[in-house]
Ligand SMILES: C[S@@+](CC[C@H](N)C(=O)[O-])C[C@H]1O[C@@H](n2cnc3c(N)ncnc32)[C@H](O)[C@@H]1O
Ligand code: SF4
């Protein structure tokens, strides 16, 4: 224990070092009588080399490491629990520095290894088919907390399957476009050569549909892919299952999508959970066909994962088949996404911490 008050105060005020940009770290080095190039070395340690302590930084002098230790923390995310599903999906819970827990999933596929990561603790959007929507929204994740989930899942695929991580989807807990700055910073770090150096085209941000933020993604030149959770191409039905549609109607989304496509030239993916006798009639397929004509797109038909207390059932193959056929016959690019990791509640929309508050159950 320290004998003076000052070091204790210093320690209480320690800041997460990964909240600083490289320029801010350079300025800190100068202020503390260090050469600015040290900033680059430390920055590389905390991002690219994913150091979890200053002690690991063996090309940094001991006095500087001690100075860093007094001023900063490295709030790295730890794996709390991991469960392996019969289809080799791995669901993990991650413990954040403040005790909150989020979930992430490694989804193996013969052609790709995908990390599904959370962007918020809980979610404020209360979609009626989604387990996360039943939780309160506790807080946004910091960019480094999103980044660390990717790092931990990358370790899982390399260590357990001897295969590299190839794709990242922001389809875990939370609405990424309501935590815009941190999500975009995490993408910048994941794609940076002094970060994980992964290709932006391998990253997909999935949104429930925040029109103005879709436009902002285009304005900011974000290179990651965009997926829109559509689930109904009719306002009455969409309002019923996704309250966000009351303020971000299909008309507003259409306008944002056109803007997005004009600026980026990119295709968008529409996610469409097939809910038995709710959105799986031919009339629904006709509405989806009209919506699919707005800009170049592909449609992912998603198998519904039942959630506790949920009112929906997944559509049978007898209903899925004609729905899909209707779209395919009219030139829509359609993929059917079967649920993964069902036996351990690791599939999309089943990610929810059981006590609904984001702390450990
Ligand atoms: C959990 S959300 C997170 C990202 C973002 N908030 C969104 O809604 O797109 C990721 C995807 O899971 C889907 N999803 C939610 N609940 C589901 C369920 N019970 N079964 C299948 N997919 C579900 C969502 O619609 C969305 O397409
Ligand atoms: S589907 Fe997405 S936006 Fe809706 S409640 Fe779930 S996490 Fe939130």
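The chain as shown is numbered from 1 upward.
Cβ atoms are placed via backbone N, Cα and C, with glycine included.
As given in TrEMBL:
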type	residues	note
ACT_SITE	103	active site, proton acceptor
DOMAIN	109-343	domain 'Radical SAM core'
BINDING	123, 127, 130	[4Fe-4S] cluster binding site
BINDING	174, 175, 206, 229, 230, 231, 305	S-adenosyl-L-methionine binding site
ACT_SITE	348	active site, S-methylcysteine intermediate
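Taking the binding-site residues 127, 230 in turn, the residue surrounded by the fewest other Cβ atoms inside 10 Å of its Cβ turns out to be 127. Counting Cβ atoms from all protein chains shown, residue 175 (S-adenosyl-L-methionine binding site) has 27 others lying within 10 Å of its own Cβ. Cα distances from residue 174 (S-adenosyl-L-methionine binding site) to the recorded positions 103, 123, 127 are smallest for 123.
Between the C-alpha atoms of residue 130 ([4Fe-4S] cluster binding site) and residue 206 (S-adenosyl-L-methionine binding site), the distance comes to 14 Å. Residues 174, 175, 206, 229, 230, 231, 305 are recorded as binding S-adenosyl-L-methionine; their most distant pair of Cα atoms lies 19 Å apart. Between the alpha carbons (Cα) of residue 230 (S-adenosyl-L-methionine binding site) and the residue listed as 'active site, proton acceptor' lies a span of roughly 23 Å. With a cut-off of 8 Å between CB atoms and residues at least 6 apart in sequence, the same chain places 169, 170, 171, 176, 227, 228, 229, 271 near residue 206 (S-adenosyl-L-methionine binding site), listed in sequence order. Most buried of the binding-site residues 229, 305, judged by other Cβ atoms within 10 Å, is 229. Cα distances from residue 175 (S-adenosyl-L-methionine binding site) to the recorded positions 103, 123, 127 are smallest for 123. According to its DSSP assignment, residue 123 ([4Fe-4S] cluster binding site) is coil. Taking a Cβ cut-off of under 6 Å from any atom of ligand 2, the recorded positions 103, 123, 206 reduce to 123. Ranked by Cα separation from residue 127 ([4Fe-4S] cluster binding site), the recorded positions 103, 231, 305 are led by 231.
The secondary structure of the residue listed as 'active site, proton acceptor', as reduced to three states from DSSP, is extended strand. Across the fold, the C-alpha of residue 123 ([4Fe-4S] cluster binding site) and the C-alpha of the residue listed as 'active site, proton acceptor' stand 13 Å from each other.
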